[in-house]
Amino acid sequence: MADQEIRDDPTPAAPPAATPAATPAEPVTTPAAPPAAAAAPPASTRPKRVSYRGRTAGAKVSSNQKEGKVEEFEPFMLLPRGPPPLKEFLDIWDVDVLKQPQQINKQGHHTHLYSSDSLIVRRAQEFQIKITFDRPYKPAEDKFAVEFVIGPSPQYSKGTYIPVFPTEERQSVWRGRVVESSDNVVTMGITTSAECIVGKYMIYIGVVTPYGIRRTRRDPSTDVYILFNPWSPADPVFLDDEEEREECVMNELGIIYHGAYDDVSERAWNYGQFEFGVLDACLFIMDKADMPLSNRGDVVKVTRIASAMLNSRDDDGVLVGNWSGDYTYGVPPTSWTGSVEILLDYAGSRGTPVCYAQCWVFAAVFNTFLRCLGIPGRIVTNFFSAHDNDGNLKMDIILDENGKLDRNRTKDSIWNYHCWNECFMARSDLPPGFGGWQVVDATPQETSDGLFRCGPASVAAIKHGQICYPFDAPFVFAEVNSDVIFYRRQKDGTLEVAKVNPSHVGRMVLTKAVLHDGRRDITDQYKFPEGSPEERRVLEKAEEFGCQRERASVPQGDVEVEIPNLDVRVGDNFDVILKFKNQSDQRRTADVYVTGTVVYYTGVPSAEVVFKTPKVKLDPQQSKEEKVLVRGEDYMHKLVEQANIHIIATGKIKETGQIITAMKVILMHNPKLIVKVTGSPRVSEEMYVSVEFTNPFKFNLENVDLRMEGPGIMPFKRKQYSLIAPGTSITWTETFSPRRAGSTKLIASLDCAALRQVYGETELTVKQ
């Protein structure tokens, strides 16, 4: 007779057994039948899948969707006639995982906002389930376990099979206890470990009999999602600030900053991390990455994999990057209003990359991924972000010997802004003090360990120049600390340093303020004040780890030039004002070259729209202004999507040979959408929203795409107009019924080839 326990050493053919020492055998499966011949490609063109035989003992366990077979009865011995009647032993009538939003589990675990019919809980925190037996539970006689299974080949040693026992005498890596026992119903409290795999688990109840283990049948309604837990001090993502948790985990709405550091624009974004299907889509991304299940409890590995999978460059990830301006085969990056449509499209197509994205779209969808899985995340924008082509801390701008910009030889680009993500975690792989906020970036810029990804890189390590620590800290350090070097090219081809601007790059780093729509300047978290002793020490430290800087010292000139900020609407004529100041006691003559170039927000030039060569004469100690007219008719037909014109003024002082320089990004301001809501703002009551727009230009807007959505109140909707004539107004009206109470926004965008980045929004407070 077999031992009346859940056995420690099942036979190789046995299914999962409920004991910590047990390792359920991997089921022997036969390949699935191929699809119909009509749907299959010819055998000659089909890629052959190479077997794992001879290389590993079994297939790689990297799918949360595939399920292993768990037998309803696991015999302890050979039973030729099958199991005898087991009426005297416990039988399970019902399992209630208390999964309703208003019940204890979702409320206590801050998962009540998820639009899911399944139980969703967080690690390292107790949740409860109710088990109804056919008779009262007798702790001294009855033995049962709640079994959690994830993936196709559950093993206790891999963390993919976890039995949980109701008694203190017998516990596994997850703890269980009987909270209440009343008649036939046992309420059991279960606390997962702080390192457990994040994903979707199947639940079985196993009862021990003398002949074997009797289990409940597979029931998808009892499946449970287990997420990271920023509320638990035991979890590496613990964030000890309730307001920060509310903002960086629970807030579905975000603000993304763009434009220029002295003319900041902003747009709202619907992260939608609680919308139906988004959680499954996030888990699918890890499946698509072929990420082993056993690694999915490690937040460092999860975020590093995600930073590669959010772009499609080398692994068929979520988004296709496109900066060309040609979006014929997809959605222009400026048209998106939220992450939900992108993630559902990707998961619904079983991993076909979604077109198209630029840095803020990569960051916004990544932020949805982080918050959905319970990792505190936020988007940051670095204004004047260096993308260096030669791996040093120098952004090289080449001038000819007269001080004129040489576009052909200037290859480094300074992005007007660049968006990336920060996520909060402990870094047990780094020395103390380097946990906290970490940079992760899904925009494909440079490869890291062979893939287009970046991070997690410790923000504290970047600030203190400790760029030797993983991952990719040197790249992020250069993005915020590079110097702009103006070189004068001599006739013999040699380069001479003409001017160094150490403060242009990384001018300002912004993120959304906590729990309100204001800005939060976090530049001081990335770098010490410009010119301070601490900054010099940090740069010296970075040099020790291989970062190269320009050490040439350039004498201070006595003539300065600057370009003040301008507020310009798209299509307007405007004057670029050059302010000169002669600080010497002698006359000065400046031969100036003013170049105005339409640029992409990445700093890459598109077309020159103005070139002037004024000669400015300055008396001693004189300040003087010079105006350069830029006409709307010269730039309108050349503008690219974000309507930026980069003005560079360079020149040479005739008397001293001094090179003078000034740079300014002029951001064109687009018209706005007007979004209005009418009706009673109550749950399930019908309301109306209208979007209004008037074409202010003298040309037609063709193939206009309008989009609108609002988290918790209105799913994504879209409308197209073939033509909006000059001076013509349109009004688009839709109905919606809010699904839940609370404060939210309706966000709308308008997009066409001739006009990008037109947005509108309205706030709404829904009552119960």
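Every residue, even glycine, has its Cβ placed from backbone N, Cα and C.
Database features, via TrEMBL:
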- 1-10: compositional bias 'Basic and acidic residues' (COMPBIAS)
- 19-43: compositional bias 'Low complexity' (COMPBIAS)
- 351-444: domain 'Transglutaminase-like' (DOMAIN)
- CYS359: active site (ACT_SITE)
- HIS418: active site (ACT_SITE)
- ASP441: active site (ACT_SITE)
Which residues in the same chain, at least 6 apart in sequence, have a Cβ under 8 Å from the Cβ of HIS418 (active site)?
CYS359, THR381, ASN382, SER385, HIS387, THR443, GLU479
Tell me which residues of the chain lie with their Cβ under 8 angstroms from that of ASP441 (active site), as long as they are six or more apart in sequence?
SER307, PHE362, ALA363, TRP420, ASN421, ARG453, CYS454, GLY455, VAL476
Within the predicted model, mean pLDDT of the domain 'Transglutaminase-like' (351-444):
92
If you draw a 10 Å sphere on the Cβ of CYS359 (active site), how many other Cβ atoms land inside?
28
What does the DSSP secondary structure composition of the domain 'Transglutaminase-like' (351-444) look like, as residue counts for helix, strand and coil?
15 helix, 41 strand, 38 coil
